[in-house]
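Report on the structure given below.
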Amino acid sequence: MDNNEILLANPRGFCAGVERAIEIVERALQRFGAPIYVRHEVVHNKFVVDDLRAKGAVFVEELDEVPTGNTVIFSAHGVSQAVREEADKRGLRVFDATCPLVTKVHIEVGRMREQGRELVMIGHKGHPEVEGTMGQVKDGIHLVETAADVANLQVADPDKLAYVTQTTLSVDDAAAIVTALRERFPNIMGPKKDDICYATQNRQDAVKFMTPHADVVFVVGSKNSSNSNRLREVAELRGVPAYLVDNAAGIDPAWIVGKRRIGVTAGASAPEVLVAEVIERLKALSGASVRNLDGVPEKVTFPLPKELQEAR
């Protein structure tokens, strides 16, 4: 099979928020020792979670699973005000690994509600980021998942309305929902800057750039990763078969039969070591060479909590 090629999307994999969240857990373990409790998977990637668990992190879904006097870390997806209050009441030592770009949305929600506006949250029901963002206020916030949902929205005052979005949505889907909102509520207020984060946008753009040149696309990421699922959808919407795989073992050789150009990308919570393993497996199956595609360089970094900045 001559001239087979593996196309590597750029950028791909870890974003600044994920790197920060993982480092918070690792530094807390170094500084305070195991166990360190983490509310929800710190990022949605099985490999990362299993690795941190092996180092002494204990993942829980609710704070009542954390013994009094222990340390708890909030995941990158953010938490509601009720969770913060519960941690405070319990006297737990808290490190907040919420992505700063999610925190930005939390601040927007609080500010808009203080101005007396009702809010529309564009996002996926049940996703922890959505639950955390909607839980910034006690009432006056509605969830919309599709443009069709907009028609059923019941609001008190159409002129006192604002919207925010989950940070990991499909850029195109979110734009369609915003268009529907503006058509129905012309005076709706949006965020000064789009809530969909730079990493989500860049990774989706990289897949759009890659798909015209690819016969099949592999997205390295876990099934519960919102941004990874969106990358798969972006490829599929452009008529290219796409598969979400946790690792190299998830690849079915039948998927690349007759495919000369194989695209590879990774979600924002997928480590590069898994991408490397996927590439090696694809090379072994297809005899393909690897070509790195051009993309937007990312130089974003987020500071760690002060108490953990010195921990090594």
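Heads up, the Cβ atoms here are built off N, Cα and C, so glycines get one too.
In the three-state DSSP scheme, C99 ([4Fe-4S] cluster binding site) is classed as coil. Feature annotation from Swiss-Prot assigns [4Fe-4S] cluster binding site to C15, C99, C197.
Look at Swiss-Prot and you will find H44, H77, H127, S225, S226, N227, S269 tagged as isopentenyl diphosphate binding site, backed by sequence analysis. Annotation note: S226 (isopentenyl diphosphate binding site) sits in a helical segment as assigned by DSSP. Counting Cβ atoms from all protein chains shown, S226 (isopentenyl diphosphate binding site) has 24 others lying within 10 Å of its own Cβ.
Taken from Swiss-Prot, the feature (2E)-4-hydroxy-3-methylbut-2-enyl diphosphate binding site covers H44, H77, H127, T167, S225, S226, N227, S269, and the record attributes it to sequence analysis.
In this structure, S269 (isopentenyl diphosphate binding site) belongs to neither helix nor strand by DSSP; it is coil. Around the Cβ of S269 (isopentenyl diphosphate binding site), a 10 Å sphere holds 31 further Cβ atoms from the protein chains shown. Residues or ranges marked as dimethylallyl diphosphate binding site by Swiss-Prot: H44, H77, H127, S225, S226, N227, S269.
In three-state terms derived from DSSP, E129 (active site, proton donor) belongs to a helical segment. For E129, the entry in Swiss-Prot reads active site, proton donor.
Neighbours of S269 (isopentenyl diphosphate binding site) among the binding-site residues C15, C99, T167, defined as a Cα within 10 Å of its Cα, are C15. Across the structure, C15 ([4Fe-4S] cluster binding site) and N227 (isopentenyl diphosphate binding site) are spaced 11 Å apart at their Cα atoms. Of all the recorded positions in the record (C99, E129, T167, C197), the one with the smallest CA separation from H77 (isopentenyl diphosphate binding site) is E129.
Taking the C-alpha atom of S226 (isopentenyl diphosphate binding site) as reference, the shortest distance to any of the recorded positions C99, E129, C197 belongs to E129.
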